Amino acid sequence: MEFVFLGTGAGVPSKGRNVSAIALQLLEERGQTWLFDCGEATQHQILHTSVRPRRIEKIFITHLHGDHIFGLPGLLGSRSFQGGTTPLTVYGPKGIKQFIEVALSVSTTHVKYPLEIVEITEEGTVFEDNEFHVETKRLSHGIECFGYRIIEKDIQGALLVDKLLEIGVKPGPLFKRLKDGEVVELENGTILNGNDFIGPPQKGRVITILGDTRYCEASRELAQDADVLVHEATFAAEDEQQAYDYFHSTSKQAASIALQANAKRLILTHISSRYQGDTYKELLKEARELFSNTEIATDLKSFPVDR
């Protein structure tokens with residue numbers, strides 16, 4: 001599991017930062033990539049990374065402001081043009097379906113793979129399978145905006161091979177049956193319960209990716225005990241009133257959410273273009289005063305998520 005930040009700026013592109021898009025690479029877990037937001041030129045940013053459009057399985061949109069969605073039509077079309085055939089699902093607030101369908105229709109863009117568009121109308125679970133569970137809550141951003149909590153389900157423990165070898169069970173088809181938790185009988189009549197030969201499960205990771213938002217309770221709830229919290233930091237602490245007026249957060253407010261939620265790690269993104277050069281480091285300094293395990297994303301930077 002790895003983050004690749006494709007765009008870390010706020011509102012409009014700048015020379016140093018493109019607008020919002022985050023790839024969550026799940027190559028080891030499911031051989032796929034999930035994308036969170038898709039601002040303009042996202043597909044161009046992808047060219048400079050290891051992200052492959054054909055591997056993008058899901059796109060989660062936080063809200064419908066242009067700096068989070070204007071790259072969608074181009075990416076969807078290019079994925080088809082480049083030979084993508086596997087299904088893709090887009091999740092987002094009401095209106096995302098109309099935006100995509102009109103853009104593709106007017107531009108006569110033909111998508112040759114199965115494309116599903118899911119409009120989120122209420123908080124709660126938006127996706128779940130045997131590996132992951134994705135929950136969402138409304139944030140505070142003036143228009144409908146969602147944050148996402150991605151929960152990796154616990155992974156079954158490893159088969160205790162040494163324990164089996166000690167009692168004379170040799171590698172073979174029996175190992176798989178025991179790994180599956182079956183009760184098996186050996187040739188000598190011994191009964192073995194597979195569950196007795198499986199180690200403790202590996203706890204799944206929790207990732208929280210928030211859209212644009214003021215400081216709000218929903219952010220804390222989504223981030224509770226997260227392994228990684230990705231939070232916007234559009235403004236410095238001295239501009240807290242401006243952040244409130246424009247439905248955004250300061251770096252210090254992001255750190256406060258991470259602290260309250262008992263998150264393990266905080267990554268700041270959505271940085272205003274007013275912070276050029278190294279001036280953005282002041283945002284990092286302010287956040288670390290409250291929450292030491294804070295990092296600030298820059299375009300094309302990757303962050304592995306270890307167990």
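Cβ coordinates come from backbone N, Cα and C, glycine included.
Take the Zn(2+) 1 site that Swiss-Prot assigns to HIS63, HIS65, HIS141: the candidate from ASP180, ASP196, ASP212 listed for it is ASP212. When HIS133, HIS270 are compared with the Zn(2+) 2 site residues ASP67, HIS68, ASP212 in Swiss-Prot, the one appearing in that site is HIS270. The two recorded residues ASP212 (Zn(2+) 1 binding site) and HIS270 (Zn(2+) 2 binding site) have their Cα atoms spaced 8 Å from each other. Of the binding-site residues HIS63, HIS68, HIS141, HIS270, HIS270 has the largest number of other Cβ atoms within 10 Å of its own Cβ. The Cβ of ASP67 has fewer other Cβ atoms within 10 Å than any other of the binding-site residues ASP67, ASP212. The Cβ of HIS65 (Zn(2+) 1 binding site) lies under 8 Å from the Cβ of ILE143, ASP212, each on the same chain and at least six residues away in sequence. Listed in chain order, the residues near the Zn(2+) 1 site other than HIS63, HIS65, HIS141, ASP212 are THR62, LEU64, HIS68, LEU139, GLY142, ILE143, CYS145, GLY211, THR213, PHE247, each with its Cβ within 8 Å of the site Cβ centroid.
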